[in-house]
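A short write-up of the structure that comes next.
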Amino acid sequence: AMASHIVGYPRMGPKRELKFALESFWDGKSSAEELKQVAASLRLSIWKQMADAGIKHIPSNTFSYYDQVLDTTAMLGAVPDRYKWTGGEIGFDIYFSMARGNASVPAMEMTKWFDTNYHFIVPELGPDVKFSYASHKAVDEYNEAKALGVNTVPVLVGPVSYLLLSKPAKGVEKSFSLLSLIDKILPVYKEVVAELKAAGATWIQFDEPTLVKDLDAHQLQAFNYAYAELESTLSGLNVLVETYFADVPAEAYKTLTSLKAVTAYGFDLVRGTKTLDLIKQGFPSGKLLFAGVVDGRNIWANNLESSLNTLQTLGDIVGKEKVVVSTSCSLLHTAVDLVNETKLDQEIKSWLAFAAQKIVEVNALAKAFSGQKDEVYFSSNAAALASRKSSPRVTNEAVQKAAAALTGSDHRRATNVSSRLDAQQKKLNLPILPTTTIGSFPQTADLRRVRREFKANKISEEEYIHFIKEEINNVVKIQEELDIDVLVHGEPERNDMVEYFGEQLSGFAFTANGWVQSYGSRCVKPPIIYGDVSRPKPMTVFWSSTAQSLTKRPMKGMLTGPVTILNWSFVRDDQPRFETCYQIALAIKDEVEDLEKAGITVIQIDEAALREGLPLRKSEEAFYLNWAVHSFRITNCGVQDTTQIHTHMCYSNFNDIIHSIIDMDADVITIENSRSDEKLLSVFREGVKYGAGIGPGVYDIHSPRIPPTEEIADRINKMLAVLESNILWVNPDCGLKTRKYTEVKPALTNLVAAAKLIRNQLASSK
């Protein structure tokens, strides 16, 4: 018997069909019916694709109009009161209000799904939530597939993970035990399971990815309790509990494999390399093992021979007929279909597999494992892997040498931050509470058009440069009129903060349709780092020096840091991540030093995604933070004391890594925190000694709202209560490219006015 399984599949469609259908519906340009039709046709093609490939266990209910955790919230009827839901089946109106807010109430919070770049909608729970079965989506989709002749495995977010991923609602004690709600949600799960069983389902999959995190005995006990409670309802069904993104720790493995009601366990054997040892030490007889050997989080072709070896090892331990070949996690986190990459270099293309190709890999492995190996397919895979290994485009001796030579040093600047700030102040001569912005200015339709036309060779390079220069000149004039102290050039030449650099570095490739869902309808198109990274020539020096020549005020050079470039790309899997990061750091170091030579005295190196790479386990955090922070220091350890290094961090929740942030040793850090001032300031209240410049965002650019001067002044005063006035900067919390000039100008006018107001107050109190 040939057993194969897919954990989940991307929803957006090969050409982002769902994105466009959603946005059209939200804009009122199309009906709910039209949106449902697009969704149904996407689901149909996914089920058909898997059935045609020979996959045995095909998932349903992994499709979503926004997010699978929000789908679970709807299933449980756990709608926060502010949405004024009056009962009945939850429709688009309530569903999208929870996801996106509406005219009168804000959206629910969104946060990262484990350590991926996907974001889920966080349930808001408390002791008074009334749960009820309010969305029949899981059963509806099961029936829809069944009518097409496909008997699927319905997938639900498991009850324990659902509660562990939730937060206490506003007004509920922070200490409220979310797990205490287990008895209130299980009756709804029982109803869903009973309906699925009645509809003819023979399998059901519960995703319990929180099992890979550091859980305490009380949390593990909740799994025992929940699945014992569900046991009678589940009888007669095959039950798979799926884990992913890391190893399952030994204690959690014990808990998981002793759940009586469960038939099968799914493990990520790509990111979980230690799980194999646990299985060797013991696996319950009579149970099935779903072996996640095909990587759901990257775009590389599988090493089929190596995966087959792993499967054979597992077969020897648990019995061949007990092993099911699977993906390491849902394919949601990878690109959709390589078929749509018509412009990608053929050699590089042969090294890749997107979601559609991974289905074929899973099936080929299952066939080979059951003794029907497709020799042609396997040998072409081996040939592609060999070409990747030996390709001169992958290996650059000089880069390897330079990266290897890094190990001897800590790469710190020559003097400490307070004496550097003094030297910089003598040179820059800035007022107290200096004002600046984060980097980008509004990108108008005109500007986007010109960039598109230049890319398509419809206008000459000369015309393009002329247009961009004009744009920079306007941005400089606006900032001078507003009386901002440290200027930016506005980044009119840049499409994206990672792609712009990747296109100018060697070792990077780009796709046309390699989109991955980030949240809701928003997708990102990560670059592919396939080889050693180097910088053939300066990337930003021309534009930065052009911009500096237009003003007497300091003009910030504007770079993306190595850790962010790494965390927002598909990274090569043939060397450790930190080695690739060090290579990128050396490329950025060359750029920093060239900017300094060109007379740029303030250089910003953005590390928006530093925190995103944080491992799921406490025990692995220090190692990551160490090399990530080291990579940042490598980029600027060689500059003079008088060159001021800024960085920008786009994630407010970093109180737990504040010591690593201080260890980056930047001269000035600007922070996106405008939605959580209190959280950020509490870390300084608790006495963390911080001596570098700091600019907590005082204007939230994610909202069209224009904050009045008094409000900004009030926020500056709050910050002065815990931070010295000689280190505080005044700035928005993020780049301005998504806003309109009609919003940006008045907001920045108020920001500068607020800074001046407080400067005067400080001067007169002296």
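In case you wondered, yes, glycine gets a Cβ from its N, Cα and C as well.
Database features (TrEMBL):
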type	residues	note
DOMAIN	4-316	domain 'Cobalamin-independent methionine synthase MetE N-terminal'
BINDING	K19, N117, R522, C523, W568	5-methyltetrahydropteroyltri-L-glutamate binding site
DOMAIN	433-756	domain 'Cobalamin-independent methionine synthase MetE C-terminal/archaeal'
BINDING	I438, G439, S440, D606	L-homocysteine binding site
BINDING	I438, G439, S440, E491, D606	L-methionine binding site
BINDING	H648, C650, H659, D663, E672, C734	Zn(2+) binding site
ACT_SITE	H702	active site, proton donor
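Restricting the recorded positions K19, E491, H659, H702, C734 to those with a CA within 10 Å of the CA of S440 (L-homocysteine binding site) leaves E491, C734, listed by sequence position. The two recorded residues E491 (L-methionine binding site) and H648 (Zn(2+) binding site) have their Cα atoms spaced 15 Å from each other. Within the model, the domain 'Cobalamin-independent methionine synthase MetE C-terminal/archaeal' (433-756) carries an average pLDDT of 92.
A simple way to gauge crowding: the CB of I438 (L-homocysteine binding site) has 27 other CB atoms within 10 angstroms, across all the protein chains here. A C-beta separation below 8 Å, combined with a sequence spacing of at least six in one chain, links R522 (5-methyltetrahydropteroyltri-L-glutamate binding site) to K19.
Listed recorded positions near I438 (L-homocysteine binding site): none (candidates N117, H659, H702; Cα-Cα distance within 10 Å). Of all the binding-site residues listed here (K19, G439, S440, D606, E672), it is K19 whose C-beta has the fewest other C-beta atoms within 10 angstroms. Within 10 Å of C734 (Zn(2+) binding site), counting C-alpha to C-alpha distances, fall none of the binding-site residues C523, W568, D606. A C-beta separation below 8 Å, combined with a sequence spacing of at least six in one chain, links C523 (5-methyltetrahydropteroyltri-L-glutamate binding site) to M12, R16, K19, W515, V516, Q517. Close to D663 (Zn(2+) binding site) in the fold, though at least 6 residues off in sequence, lie V629, each with a CB less than 8 Å from its CB.
Residues near H648 (Zn(2+) binding site) in space but far in sequence (CB under 8 A, at least 6 apart, same chain), listed by position: I438, G439, Q604, D606, E607, A608, I669, T670, I671, E672, C734. Geometry remark: N117 (5-methyltetrahydropteroyltri-L-glutamate binding site) versus the residue listed as 'active site, proton donor', CA distance 19 Å. Put simply, the two farthest-apart Cα atoms among I438, G439, S440, D606, the recorded binders of L-homocysteine, are 12 Å from each other. Taking all protein chains in view, 23 other C-beta atoms sit within 10 angstroms of the C-beta of E491 (L-methionine binding site).
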